[in-house]
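Contents: one structure, followed by commentary.
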There are 2 protein chains.
Amino acid sequence: MTATDGPPLGVTSPAGFRAAGVTAGLKRSGRSDLAVVHNIGPRHDAAVVLTSNRVAAAPVHLTRQAVADGVLRAIVLNSGGANACTGEAGMADARAMAQATATALDLAADDVAVCSTGLIGTRLPMDLVSAGITDACRTLSEDGGADAARAIMTTDTRAKQAGHRAAAGWTIGAMAKGAGMLAPGLATMLVVITTDAVVPAEIGQRALAEATRVTFDRLDSDGCMSTNDTVALLASGASGEEPPESEFTAALTAVCHDLAQQLLSDAEGASHDIAVTVRGAISEDEAVVVARSVARSNLLKCAVFGSDPNWGRVLASVGTTDATFDPDQLDVSFNGVKVCRGGAIGEDRSLVDLSPRAVTIDIELYAGDASATVWTNDLTYDYVKENAEYST
Amino acid sequence: MTATDGPPLGVTSPAGFRAAGVTAGLKRSGRSDLAVVHNIGPRHDAAVVLTSNRVAAAPVHLTRQAVADGVLRAIVLNSGGANACTGEAGMADARAMAQATATALDLAADDVAVCSTGLIGTRLPMDLVSAGITDACRTLSEDGGADAARAIMTTDTRAKQAGHRAAAGWTIGAMAKGAGMLAPGLATMLVVITTDAVVPAEIGQRALAEATRVTFDRLDSDGCMSTNDTVALLASGASGEEPPESEFTAALTAVCHDLAQQLLSDAEGASHDIAVTVRGAISEDEAVVVARSVARSNLLKCAVFGSDPNWGRVLASVGTTDATFDPDQLDVSFNGVKVCRGGAIGEDRSLVDLSPRAVTIDIELYAGDASATVWTNDLTYDYVKENAEYST
């Protein structure tokens, strides 16, 4: 089961992990900005999912190389600068971060992954970063998970942690940062997940790919793709338990879903969390395409901000896709009220209550049996003003 | 040459056209809301470009059928309601509009096109519409172009007209509505272009397709595609002049460009008009794909609102495309200042002055010789607030 009370599980909840979060001085706010997570084993299996953006940040390139052998012993993360679009100098900085961590922990540099988040196109102040790494490695502790989670925040208003304790004796812990739609620096999402289960790297990679596919990949806050997105899984094997792959994947997916919902609900400026669910598609892929098209409609998101169940904007977005459907067969419901039936006017839209933060938009394509949900937020204010007030 | 002084050319500037704009009572504001444009010949060649949205409004379906034979004698247009997603009843309403116009002007109904703009998913008050059509047809005049242009406005702050007088003695006149990014009802764009040149329908269709391809199709205000977009060309042949196709196409393109820029500059809430130009692409198609990706980045558009030449967000958008380029070879200039060179930090971003309304973003891919420009606007306010202020 996923933990729902008590102190939240974090990256140091599973056995075999130490972490720290310190203030290196990268943020003008003076808040903590540098974290290290250290897997002390006995195993060091690792899997990573990285941004598919072709303009990837230096730490992304470094991490891709570091994890190629399925082994990571530590991850160093900083907020206050993304080290993206920084050229060869930026690559050297990322390598220096890995090396400093490796030196402090007596590891090989290629067993250290690096994550950065913050503004694109500026160099990191490496003197401060290096001192911070030394400091963090000195303060690593088995209770350091919460400190680490705080140190990777940028515009997040809350630290984000989640986890899962399996009855069989193994545990997953995790932390994430990202403030959704309104996050600057392209809403970089960094996630570190730890477990004391025995999870060989190959299995971990499969599990992580599946878990992210149906959670983080379906969180579409503003259609913008970060240069720095990183989701890393570190497995220490310290519990000695080796769960069945399906069971581990399910637990990992639940933890990722929990974190994704925390990211969604911390999107700055947003007043609604919107779940766009497409049913009756001929394939899950087509369901995702349609849901994503709707979730990316600025006009619809403005309407939701204005508490207007504007199903016409839903249909207009559906109509831009190549998915299989008949325009005269589409149904659309807002919060359970079927305001559009057969591609035309359905229930009275005044029956829809959009005052709660959670909004569901359900679209029925009547083409097949597949379904999918994409989560997004509403759009607020001046852009909104014209769009949201139009029908009131 | 395109007219730059004197009263603006409009749909009644070419010989052979009458128009009217009247108040049918469809708008709560009490402003005029119904227009008719009548081609009195001697020729009645017509061409139309319609929205590619699969959820197309009833008048779009009707107009597609009406123009199939290359002949239109009149167009009836209303604001105050899009007649989209209105099912069979909406189709009947659109047919009734064509029939009422045909009856009043003694035409065949299938020689009348229909355009509607306004809210999606509500029926038109057909009693008011019918009376308005009768009224409009009674007041048609050779000076009615400006009245017609006003009657099709929704959230537009200005009527939009343009035209071209050729030395050879033929003329193009045009009107458009659409308020860009912030227009509700999906920013429906309606454009009627008239000419007294002899333009056989087949040639007119080719010319219109080319003109819209490089003008309206590259105006990407918010990525949302209307259910009602219509661009119609009516040719009366009244001048007796038959221009070479290339010459007519060039003049038509200039008129469409003029209208597109008027649409751009009337986008509500926008404080900047942004021209995203991609050069060095291996094909014009790839240049458009890259430029459109950048033009659709909410984060970039927020940065421009905040007068922040955030080239990192440009690169991040470029990186999401499949276009041919090397991430380490990209240059980006804002208003002529090359703030990114070789995919990394270039000139000091403080050298960029983003206070003028017009902003140019130039991206060099170094992959080929093709180029293209896509126009968009900035994003304003609360959504913006977090994104725009991040680096200040």
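A Cβ is built for glycine as well, from the same backbone N, Cα and C atoms used for every other residue.
Where the annotation comes from TrEMBL, it is an automatic prediction and has not been curated.
Within the same chain, residues at least 6 positions away in sequence whose Cβ sits under 8 Å from that of A:Thr188 (active site, nucleophile) are A:Ala82, A:Thr117, A:Gly118, A:Thr154, A:Lys177, A:Gly178, A:Ser226, A:Thr227, A:Asn228, A:Asp229. Taken from TrEMBL, the feature active site, nucleophile applies to A:Thr188.
If you look up TrEMBL, you'll see A:Thr154, A:Lys177, A:Thr188, A:Glu268, A:Asn387, A:Thr392 marked as substrate binding site. DSSP assigns A:Thr154 (substrate binding site) to coil in the three-state reduction, outside any helix or strand. Cβ contacts within 10 Å of A:Thr154 (substrate binding site), excluding its own Cβ and spanning all protein chains shown: 24.
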Three states by DSSP: which one describes A:Lys177 (substrate binding site)?
strand
